[in-house]
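J.: Feature list, courtesy of TrEMBL:
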BINDING   LEU110, THR111, PHE138, PRO139, SER140, ASP141, SER194, ASP223, HIS226, TYR248, TRP287, ASN315  pyridoxal 5'-phosphate binding site
MOD_RES   LYS249  N6-(pyridoxal phosphate)lysine
Amino acid sequence: MDEQAVSLPHLRRLFSIPTAASLTSTTVPQNNDDNDAVYFCGNSLGLMPLAARALVTAELDVWAGRGVLGHFDHPHHRPWKDIADLQQVTTGTAMLVGAPPSQVTVMGALTSNLNTLLCAFYKPQGKRRKILFEHKAFPSDMYAFASQARLHGLDPEDALLPLGPKEGAYCLDTADILEAIQLHGDEIAVVLFSGVQYYTGQFFDIETITRAGHEVGAVVGWDLAHAVGNVPLELHRWEVDFACWCHYKYVNAGPGAIGGIFVHEQARYPGSSSTTENRNTRGLAGWWGHDPQTRFNMDPIFDPAPGAAGFQLSNPSVLNVVSLLASLDVFQQTSMQAIRDKSVLLTGFMEHLLRADPAFERAGSRPSFKIITPRDPAARGAQLSVLFSPTGVMPFVMGYLLDRHIVADERKPNVVRLSPVPLYNTFSEVLQVIQTLSAALEQYDASEAGTLALQQTT
(Lines of atoms letter the chains of each structure in order from A and count residues from 1; the text may use other names and numbers.)
(Lines give C-alpha, C1' and ligand atoms only; values in the text may rest on other atoms or scores of the structure.)
Protein backbone atom coordinates (compact mmCIF):
# COMPACT_ATOMS: atom_id res chain seq x y z
CA MET A 1 0.00 0.00 0.00
CA ASP A 2 1.36 3.45 -0.94
CA GLU A 3 0.78 5.25 2.34
CA GLN A 4 1.85 8.63 0.95
CA ALA A 5 -0.86 8.42 -1.69
CA VAL A 6 -3.71 7.96 0.74
CA SER A 7 -2.54 9.21 4.13
CA LEU A 8 -3.04 13.00 3.74
CA PRO A 9 0.45 13.56 5.24
CA HIS A 10 0.26 17.33 4.73
CA LEU A 11 -2.65 17.43 7.20
CA ARG A 12 -0.95 15.39 9.92
CA ARG A 13 1.74 18.05 10.03
CA LEU A 14 -0.89 20.61 11.04
CA PHE A 15 -1.54 18.87 14.39
CA SER A 16 0.29 18.63 17.67
CA ILE A 17 0.97 14.91 18.08
CA PRO A 18 1.54 13.79 21.70
CA THR A 19 4.92 12.23 22.40
CA ALA A 20 6.00 9.47 24.71
CA ALA A 21 7.41 12.13 27.02
CA SER A 22 4.19 14.14 27.10
CA LEU A 23 2.03 11.23 28.27
CA THR A 24 1.67 10.51 31.99
CA SER A 25 2.47 6.81 32.12
CA THR A 26 4.89 6.01 34.94
CA THR A 27 6.57 3.28 32.90
CA VAL A 28 7.53 5.31 29.82
CA PRO A 29 10.96 4.08 28.65
CA GLN A 30 13.37 6.99 28.98
CA ASN A 31 15.09 6.30 25.67
CA ASN A 32 11.83 6.80 23.74
CA ASP A 33 10.94 10.22 25.10
CA ASP A 34 11.19 11.95 21.72
CA ASN A 35 9.01 9.44 19.87
CA ASP A 36 5.48 10.26 18.83
CA ALA A 37 2.77 8.54 20.79
CA VAL A 38 -0.02 6.82 18.87
CA TYR A 39 -3.33 8.57 19.44
CA PHE A 40 -6.42 6.51 18.59
CA CYS A 41 -8.85 8.51 20.72
CA GLY A 42 -10.09 11.20 18.33
CA ASN A 43 -13.64 9.93 18.82
CA SER A 44 -13.39 11.21 22.39
CA LEU A 45 -11.18 14.29 22.02
CA GLY A 46 -9.45 15.29 18.81
CA LEU A 47 -5.87 16.47 18.73
CA MET A 48 -4.93 20.16 18.78
CA PRO A 49 -4.35 21.94 15.47
CA LEU A 50 -1.04 23.77 15.74
CA ALA A 51 -2.70 27.03 14.68
CA ALA A 52 -5.01 27.01 17.71
CA ARG A 53 -2.36 28.24 20.13
CA ALA A 54 -1.57 31.37 18.12
CA LEU A 55 -5.23 32.20 17.53
CA VAL A 56 -6.14 31.86 21.21
CA THR A 57 -3.08 33.88 22.25
CA ALA A 58 -4.01 36.61 19.78
CA GLU A 59 -7.45 36.97 21.36
CA LEU A 60 -5.94 37.09 24.84
CA ASP A 61 -3.69 39.89 23.60
CA VAL A 62 -6.68 41.80 22.22
CA TRP A 63 -8.49 41.36 25.53
CA ALA A 64 -5.40 42.58 27.39
CA GLY A 65 -4.83 45.54 25.10
CA ARG A 66 -8.32 46.69 24.17
CA GLY A 67 -10.74 45.28 26.71
CA VAL A 68 -14.37 45.72 25.74
CA LEU A 69 -13.39 47.53 22.55
CA GLY A 70 -12.45 44.17 21.08
CA HIS A 71 -16.14 43.57 20.49
CA PHE A 72 -16.17 46.28 17.83
CA ASP A 73 -12.60 47.24 16.89
CA HIS A 74 -10.42 44.22 16.35
CA PRO A 75 -6.87 44.30 14.95
CA HIS A 76 -7.33 40.92 13.23
CA HIS A 77 -10.76 41.72 11.78
CA ARG A 78 -12.54 39.34 14.14
CA PRO A 79 -14.79 41.67 16.17
CA TRP A 80 -16.18 39.67 19.04
CA LYS A 81 -19.74 40.81 18.44
CA ASP A 82 -19.64 39.00 15.10
CA ILE A 83 -17.37 36.10 16.03
CA ALA A 84 -19.97 33.34 15.52
CA ASP A 85 -21.08 34.86 12.22
CA LEU A 86 -17.65 35.13 10.60
CA GLN A 87 -17.68 33.67 7.11
CA GLN A 88 -14.93 31.19 8.00
CA VAL A 89 -17.10 29.86 10.84
CA THR A 90 -20.44 29.63 9.06
CA THR A 91 -19.14 28.30 5.76
CA GLY A 92 -16.75 25.91 7.49
CA THR A 93 -19.38 24.32 9.70
CA ALA A 94 -21.92 24.30 6.88
CA MET A 95 -19.48 22.31 4.73
CA LEU A 96 -19.11 19.69 7.45
CA VAL A 97 -22.86 19.02 7.65
CA GLY A 98 -23.95 19.66 4.07
CA ALA A 99 -26.06 22.76 4.51
CA PRO A 100 -26.29 26.42 3.51
CA PRO A 101 -24.55 28.67 6.06
CA SER A 102 -27.88 30.21 7.08
CA GLN A 103 -29.02 26.85 8.46
CA VAL A 104 -26.12 26.42 10.89
CA THR A 105 -24.69 28.31 13.82
CA VAL A 106 -22.19 27.69 16.59
CA MET A 107 -23.43 28.10 20.14
CA GLY A 108 -23.50 26.58 23.60
CA ALA A 109 -22.66 22.94 24.15
CA LEU A 110 -24.20 19.71 22.95
CA THR A 111 -26.75 18.87 25.66
CA SER A 112 -27.81 22.46 26.27
CA ASN A 113 -28.30 22.84 22.51
CA LEU A 114 -30.27 19.60 22.39
CA ASN A 115 -32.59 20.89 25.10
CA THR A 116 -32.93 24.23 23.32
CA LEU A 117 -33.94 22.53 20.08
CA LEU A 118 -36.33 20.14 21.81
CA CYS A 119 -38.08 23.12 23.40
CA ALA A 120 -38.91 24.18 19.85
CA PHE A 121 -39.56 20.81 18.24
CA TYR A 122 -40.91 18.55 20.98
CA LYS A 123 -44.54 19.60 21.41
CA PRO A 124 -46.44 16.54 22.66
CA GLN A 125 -50.11 16.68 21.75
CA GLY A 126 -52.61 14.01 22.72
CA LYS A 127 -51.46 10.57 21.68
CA ARG A 128 -48.45 11.94 19.76
CA ARG A 129 -46.00 12.41 22.63
CA LYS A 130 -43.21 9.84 22.27
CA ILE A 131 -39.53 10.37 21.49
CA LEU A 132 -38.08 7.43 19.52
CA PHE A 133 -34.34 6.89 19.95
CA GLU A 134 -31.77 4.09 20.07
CA HIS A 135 -31.51 2.01 23.23
CA LYS A 136 -28.36 2.89 25.17
CA ALA A 137 -27.96 6.26 23.52
CA PHE A 138 -25.35 8.48 25.12
CA PRO A 139 -26.65 9.02 28.68
CA SER A 140 -26.77 12.82 28.42
CA ASP A 141 -29.24 12.51 25.55
CA MET A 142 -31.46 10.24 27.61
CA TYR A 143 -31.31 12.70 30.51
CA ALA A 144 -32.40 15.47 28.14
CA PHE A 145 -35.27 13.38 26.74
CA ALA A 146 -36.52 12.56 30.23
CA SER A 147 -36.28 16.17 31.37
CA GLN A 148 -38.23 17.33 28.33
CA ALA A 149 -40.97 14.82 29.08
CA ARG A 150 -41.20 16.03 32.67
CA LEU A 151 -41.35 19.67 31.53
CA HIS A 152 -44.52 18.72 29.67
CA GLY A 153 -45.95 16.94 32.70
CA LEU A 154 -45.34 13.49 31.22
CA ASP A 155 -43.90 10.34 32.72
CA PRO A 156 -40.64 9.50 30.92
CA GLU A 157 -41.56 5.82 31.14
CA ASP A 158 -44.51 6.59 28.90
CA ALA A 159 -43.01 9.32 26.72
CA LEU A 160 -39.67 7.74 25.84
CA LEU A 161 -39.48 4.95 23.29
CA PRO A 162 -35.99 3.39 23.20
CA LEU A 163 -35.40 0.88 20.41
CA GLY A 164 -32.90 -1.90 21.00
CA PRO A 165 -31.28 -4.39 18.64
CA LYS A 166 -32.41 -7.97 18.23
CA GLU A 167 -31.42 -10.40 20.96
CA GLY A 168 -27.75 -11.25 20.69
CA ALA A 169 -27.01 -8.30 18.38
CA TYR A 170 -25.21 -5.07 19.21
CA CYS A 171 -26.45 -2.86 16.39
CA LEU A 172 -29.85 -1.93 15.03
CA ASP A 173 -31.05 -2.94 11.59
CA THR A 174 -32.44 -0.08 9.54
CA ALA A 175 -35.44 -2.28 8.74
CA ASP A 176 -36.23 -2.60 12.44
CA ILE A 177 -36.08 1.17 12.88
CA LEU A 178 -38.43 1.70 9.96
CA GLU A 179 -40.78 -0.96 11.33
CA ALA A 180 -40.86 0.76 14.72
CA ILE A 181 -41.61 4.11 13.09
CA GLN A 182 -44.52 2.58 11.20
CA LEU A 183 -45.79 0.66 14.22
CA HIS A 184 -45.79 3.67 16.55
CA GLY A 185 -46.22 6.35 13.89
CA ASP A 186 -49.24 8.14 15.34
CA GLU A 187 -47.61 8.19 18.79
CA ILE A 188 -44.21 9.59 17.81
CA ALA A 189 -43.61 13.30 18.24
CA VAL A 190 -39.86 13.25 17.58
CA VAL A 191 -37.49 10.70 16.07
CA LEU A 192 -34.03 11.41 17.44
CA PHE A 193 -31.15 9.00 16.89
CA SER A 194 -27.40 9.48 16.96
CA GLY A 195 -25.85 9.89 13.53
CA VAL A 196 -23.04 7.59 14.64
CA GLN A 197 -23.68 5.58 17.79
CA TYR A 198 -21.06 6.42 20.39
CA TYR A 199 -20.65 2.90 21.83
CA THR A 200 -20.85 0.65 18.78
CA GLY A 201 -19.74 3.10 16.10
CA GLN A 202 -22.78 2.29 13.94
CA PHE A 203 -23.49 4.93 11.26
CA PHE A 204 -27.25 5.15 10.86
CA ASP A 205 -28.97 5.69 7.51
CA ILE A 206 -29.94 9.28 8.23
CA GLU A 207 -31.70 9.97 4.94
CA THR A 208 -33.91 6.86 5.05
CA ILE A 209 -34.83 7.21 8.72
CA THR A 210 -35.60 10.92 8.30
CA ARG A 211 -37.91 10.23 5.38
CA ALA A 212 -39.72 7.49 7.31
CA GLY A 213 -40.23 9.77 10.31
CA HIS A 214 -41.72 12.49 8.15
CA GLU A 215 -44.07 10.03 6.48
CA VAL A 216 -45.78 9.35 9.81
CA GLY A 217 -45.93 13.04 10.74
CA ALA A 218 -43.02 13.11 13.19
CA VAL A 219 -40.30 15.70 13.54
CA VAL A 220 -36.83 14.21 12.94
CA GLY A 221 -33.67 15.42 14.65
CA TRP A 222 -30.18 14.00 15.06
CA ASP A 223 -27.37 14.04 17.61
CA LEU A 224 -24.31 14.21 15.36
CA ALA A 225 -21.60 14.30 18.03
CA HIS A 226 -19.79 11.30 16.53
CA ALA A 227 -20.73 12.04 12.92
CA VAL A 228 -19.56 15.61 12.24
CA GLY A 229 -16.06 15.59 10.79
CA ASN A 230 -16.22 11.80 10.64
CA VAL A 231 -18.64 10.94 7.83
CA PRO A 232 -20.08 12.97 4.92
CA LEU A 233 -23.41 14.57 5.77
CA GLU A 234 -26.11 16.18 3.60
CA LEU A 235 -28.54 17.50 6.20
CA HIS A 236 -30.24 20.00 3.90
CA ARG A 237 -30.79 17.54 1.06
CA TRP A 238 -31.93 14.84 3.47
CA GLU A 239 -34.51 17.31 4.88
CA VAL A 240 -33.47 16.76 8.49
CA ASP A 241 -35.50 19.12 10.68
CA PHE A 242 -32.79 19.85 13.23
CA ALA A 243 -29.48 18.52 14.50
CA CYS A 244 -26.87 19.33 17.11
CA TRP A 245 -23.29 18.29 17.71
CA CYS A 246 -20.06 19.05 19.51
CA HIS A 247 -16.81 20.13 17.89
CA TYR A 248 -14.28 18.52 20.22
CA LYS A 249 -14.20 15.02 18.72
CA TYR A 250 -13.49 14.65 15.01
CA VAL A 251 -13.55 18.42 14.46
CA ASN A 252 -10.64 18.94 16.89
CA ALA A 253 -11.73 22.27 18.40
CA GLY A 254 -10.56 21.50 21.93
CA PRO A 255 -11.95 20.22 25.24
CA GLY A 256 -15.36 21.68 26.00
CA ALA A 257 -15.47 23.28 22.55
CA ILE A 258 -18.43 25.32 21.41
CA GLY A 259 -21.24 23.25 19.91
CA GLY A 260 -23.16 23.56 16.68
CA ILE A 261 -26.75 23.32 15.49
CA PHE A 262 -28.57 22.89 12.20
CA VAL A 263 -32.16 23.95 11.58
CA HIS A 264 -33.64 23.33 8.15
CA GLU A 265 -35.28 26.33 6.51
CA GLN A 266 -38.37 24.15 5.98
CA ALA A 267 -38.25 22.53 9.41
CA ARG A 268 -41.52 21.03 10.57
CA TYR A 269 -42.49 22.98 13.67
CA PRO A 270 -45.21 21.04 15.53
CA GLY A 271 -48.61 22.69 15.40
CA SER A 272 -47.56 25.16 12.72
CA SER A 273 -48.49 25.32 9.07
CA SER A 274 -45.42 27.38 8.18
CA THR A 275 -41.86 28.01 9.31
CA THR A 276 -42.40 31.77 9.74
CA GLU A 277 -45.42 32.11 12.01
CA ASN A 278 -43.56 30.37 14.81
CA ARG A 279 -40.45 32.58 14.79
CA ASN A 280 -41.34 34.23 18.07
CA THR A 281 -42.96 31.25 19.79
CA ARG A 282 -40.90 28.27 18.74
CA GLY A 283 -38.85 27.85 21.91
CA LEU A 284 -36.25 29.50 24.11
CA ALA A 285 -34.94 32.97 23.36
CA GLY A 286 -31.85 34.96 24.29
CA TRP A 287 -30.29 38.23 23.25
CA TRP A 288 -27.68 36.67 20.97
CA GLY A 289 -30.49 35.15 18.93
CA HIS A 290 -31.94 38.62 18.34
CA ASP A 291 -31.54 40.18 14.90
CA PRO A 292 -27.89 41.35 14.92
CA GLN A 293 -28.86 44.57 13.16
CA THR A 294 -30.78 45.71 16.24
CA ARG A 295 -29.31 43.49 18.97
CA PHE A 296 -27.54 46.32 20.75
CA ASN A 297 -30.60 48.57 20.69
CA MET A 298 -31.77 46.57 23.72
CA ASP A 299 -35.36 46.34 22.50
CA PRO A 300 -37.68 44.58 24.98
CA ILE A 301 -39.36 42.49 22.24
CA PHE A 302 -37.42 39.56 20.86
CA ASP A 303 -36.92 39.75 17.10
CA PRO A 304 -35.10 36.55 16.15
CA ALA A 305 -32.35 36.48 13.59
CA PRO A 306 -33.28 34.50 10.49
CA GLY A 307 -32.23 30.90 10.23
CA ALA A 308 -30.41 28.87 12.84
CA ALA A 309 -28.81 32.00 14.30
CA GLY A 310 -32.16 32.86 15.87
CA PHE A 311 -31.71 29.94 18.28
CA GLN A 312 -28.62 31.44 19.92
CA LEU A 313 -29.03 32.40 23.55
CA SER A 314 -25.85 34.01 24.88
CA ASN A 315 -22.73 35.49 23.34
CA PRO A 316 -20.27 32.73 22.46
CA SER A 317 -16.87 32.17 24.01
CA VAL A 318 -14.40 33.92 21.72
CA LEU A 319 -11.57 31.61 22.74
CA ASN A 320 -13.68 28.58 21.85
CA VAL A 321 -14.66 30.00 18.48
CA VAL A 322 -11.09 30.77 17.40
CA SER A 323 -10.03 27.27 18.46
CA LEU A 324 -12.74 26.03 16.12
CA LEU A 325 -11.44 28.35 13.40
CA ALA A 326 -8.04 26.67 13.61
CA SER A 327 -9.59 23.29 12.92
CA LEU A 328 -11.97 24.49 10.22
CA ASP A 329 -8.94 25.80 8.35
CA VAL A 330 -7.59 22.23 8.26
CA PHE A 331 -10.86 20.94 6.82
CA GLN A 332 -10.76 23.68 4.17
CA GLN A 333 -7.55 22.12 2.84
CA THR A 334 -9.30 18.88 1.92
CA SER A 335 -12.85 17.58 1.53
CA MET A 336 -15.12 15.34 3.54
CA GLN A 337 -15.07 12.86 0.67
CA ALA A 338 -11.27 12.67 0.73
CA ILE A 339 -11.38 12.23 4.50
CA ARG A 340 -14.01 9.53 4.14
CA ASP A 341 -12.06 7.71 1.43
CA LYS A 342 -9.02 7.45 3.67
CA SER A 343 -11.16 6.58 6.68
CA VAL A 344 -12.72 3.59 4.93
CA LEU A 345 -9.27 2.25 4.04
CA LEU A 346 -7.79 2.97 7.45
CA THR A 347 -10.63 1.37 9.42
CA GLY A 348 -10.84 -1.50 6.95
CA PHE A 349 -7.13 -2.22 7.40
CA MET A 350 -7.57 -2.24 11.17
CA GLU A 351 -10.52 -4.63 10.87
CA HIS A 352 -8.50 -6.94 8.62
CA LEU A 353 -5.69 -7.13 11.17
CA LEU A 354 -8.07 -7.71 14.07
CA ARG A 355 -9.91 -10.51 12.29
CA ALA A 356 -6.61 -12.20 11.49
CA ASP A 357 -5.57 -12.27 15.15
CA PRO A 358 -5.72 -15.70 16.86
CA ALA A 359 -7.79 -14.24 19.71
CA PHE A 360 -10.54 -12.98 17.40
CA GLU A 361 -13.77 -14.74 18.39
CA ARG A 362 -11.71 -17.52 19.95
CA ALA A 363 -13.83 -20.21 21.58
CA GLY A 364 -13.23 -21.38 25.12
CA SER A 365 -12.08 -19.57 28.23
CA ARG A 366 -8.86 -18.02 26.97
CA PRO A 367 -8.84 -14.24 26.37
CA SER A 368 -10.64 -13.31 23.19
CA PHE A 369 -12.42 -10.42 21.53
CA LYS A 370 -15.08 -9.62 18.99
CA ILE A 371 -15.87 -6.50 16.97
CA ILE A 372 -19.31 -5.06 17.75
CA THR A 373 -19.15 -2.34 15.08
CA PRO A 374 -20.94 -3.12 11.78
CA ARG A 375 -18.77 -4.88 9.22
CA ASP A 376 -20.21 -2.91 6.30
CA PRO A 377 -17.96 0.16 5.79
CA ALA A 378 -21.03 2.20 4.80
CA ALA A 379 -22.55 1.52 8.23
CA ARG A 380 -19.66 2.81 10.34
CA GLY A 381 -17.27 5.72 10.68
CA ALA A 382 -13.69 5.91 11.94
CA GLN A 383 -14.19 3.59 14.91
CA LEU A 384 -14.13 -0.08 15.77
CA SER A 385 -15.49 -1.11 19.16
CA VAL A 386 -13.72 -4.20 20.46
CA LEU A 387 -15.44 -6.31 23.13
CA PHE A 388 -13.05 -8.39 25.25
CA SER A 389 -13.72 -11.45 27.36
CA PRO A 390 -13.51 -12.58 30.05
CA THR A 391 -13.99 -9.61 32.35
CA GLY A 392 -10.59 -8.33 33.38
CA VAL A 393 -8.97 -8.51 29.96
CA MET A 394 -9.97 -5.02 28.85
CA PRO A 395 -8.29 -3.03 31.67
CA PHE A 396 -5.14 -5.13 31.24
CA VAL A 397 -5.08 -4.37 27.51
CA MET A 398 -5.69 -0.65 28.11
CA GLY A 399 -2.83 -0.45 30.59
CA TYR A 400 -0.55 -2.37 28.25
CA LEU A 401 -1.34 0.00 25.38
CA LEU A 402 -0.82 3.15 27.43
CA ASP A 403 2.47 1.90 28.84
CA ARG A 404 3.59 1.69 25.21
CA HIS A 405 2.40 5.20 24.39
CA ILE A 406 -0.84 4.19 22.66
CA VAL A 407 -3.93 6.17 23.67
CA ALA A 408 -7.32 4.50 23.12
CA ASP A 409 -10.71 4.78 24.82
CA GLU A 410 -12.28 2.35 27.28
CA ARG A 411 -15.95 1.77 28.00
CA LYS A 412 -16.30 -0.33 31.11
CA PRO A 413 -16.45 -3.16 31.70
CA ASN A 414 -15.18 -4.79 28.50
CA VAL A 415 -15.00 -2.49 25.45
CA VAL A 416 -12.11 -0.60 23.89
CA ARG A 417 -12.96 1.90 21.16
CA LEU A 418 -10.20 2.32 18.58
CA SER A 419 -10.50 5.35 16.34
CA PRO A 420 -7.97 5.91 13.54
CA VAL A 421 -8.64 9.50 12.49
CA PRO A 422 -7.78 10.12 8.83
CA LEU A 423 -6.57 13.68 9.41
CA TYR A 424 -3.62 12.59 11.52
CA ASN A 425 -3.41 8.80 11.91
CA THR A 426 -1.49 6.52 9.54
CA PHE A 427 -1.59 2.93 8.32
CA SER A 428 1.69 2.18 10.05
CA GLU A 429 0.12 3.32 13.32
CA VAL A 430 -2.79 0.94 12.75
CA LEU A 431 -0.33 -1.91 12.36
CA GLN A 432 1.52 -0.85 15.51
CA VAL A 433 -1.68 -0.64 17.57
CA ILE A 434 -3.00 -4.06 16.56
CA GLN A 435 0.38 -5.74 17.01
CA THR A 436 0.58 -4.23 20.50
CA LEU A 437 -2.97 -5.27 21.31
CA SER A 438 -2.17 -8.82 20.21
CA ALA A 439 0.95 -8.85 22.39
CA ALA A 440 -1.14 -7.65 25.33
CA LEU A 441 -3.51 -10.58 24.94
CA GLU A 442 -0.63 -13.03 24.73
CA GLN A 443 0.90 -11.63 27.89
CA TYR A 444 -2.44 -11.68 29.70
CA ASP A 445 -2.94 -15.29 28.64
CA ALA A 446 0.41 -16.22 30.16
CA SER A 447 0.06 -14.09 33.28
CA GLU A 448 -1.23 -14.84 36.75
CA ALA A 449 -4.23 -12.61 36.02
CA GLY A 450 -5.08 -14.72 33.01
CA THR A 451 -4.69 -17.95 34.97
CA LEU A 452 -6.98 -16.63 37.71
CA ALA A 453 -9.59 -15.51 35.19
CA LEU A 454 -9.47 -18.92 33.53
CA GLN A 455 -9.99 -20.65 36.89
CA GLN A 456 -12.98 -18.44 37.64
CA THR A 457 -14.70 -19.39 34.38
CA THR A 458 -14.20 -23.14 34.68
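Placement of Cβ uses the backbone N, Cα and C atoms for every residue, glycine included.
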J.: Restricting to the chain of PHE138 (pyridoxal 5'-phosphate binding site) and a gap of 6 or more, list residues whose Cβ falls under 8 Å of its Cβ, or answer none.
T.: SER194, TYR198, ASP223, ALA225
J.: Among SER194, HIS226, TRP287, all listed as binding-site residues, which has the most CB atoms within 10 Å of its CB?
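T.: Most Cβ neighbours within 10 Å: HIS226.
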J.: Could you work out which of the binding-site residues (LEU110, SER140) has its C-beta surrounded by the smallest number of other C-beta atoms within 10 A?
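T.: Fewest other Cβ atoms within 10 Å, among the binding-site residues LEU110, SER140, is found for SER140.
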J.: Do any of LEU110, SER140, HIS226, TRP287 (binding-site residues) have a CA within 10 A of LYS249 (N6-(pyridoxal phosphate)lysine), and if so which?
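T.: Those near LYS249 (N6-(pyridoxal phosphate)lysine) - Cα within 10 Å - are HIS226, in sequence order.
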J.: Hey, what's the widest CA-to-CA gap across LEU110, THR111, PHE138, PRO139, SER140, ASP141, SER194, ASP223, HIS226, TYR248, TRP287, ASN315, the pyridoxal 5'-phosphate contacts in the record, in Å?
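T.: Output for pyridoxal 5'-phosphate binders LEU110, THR111, PHE138, PRO139, SER140, ASP141, SER194, ASP223, HIS226, TYR248, TRP287, ASN315: max Cα distance 30 Å.
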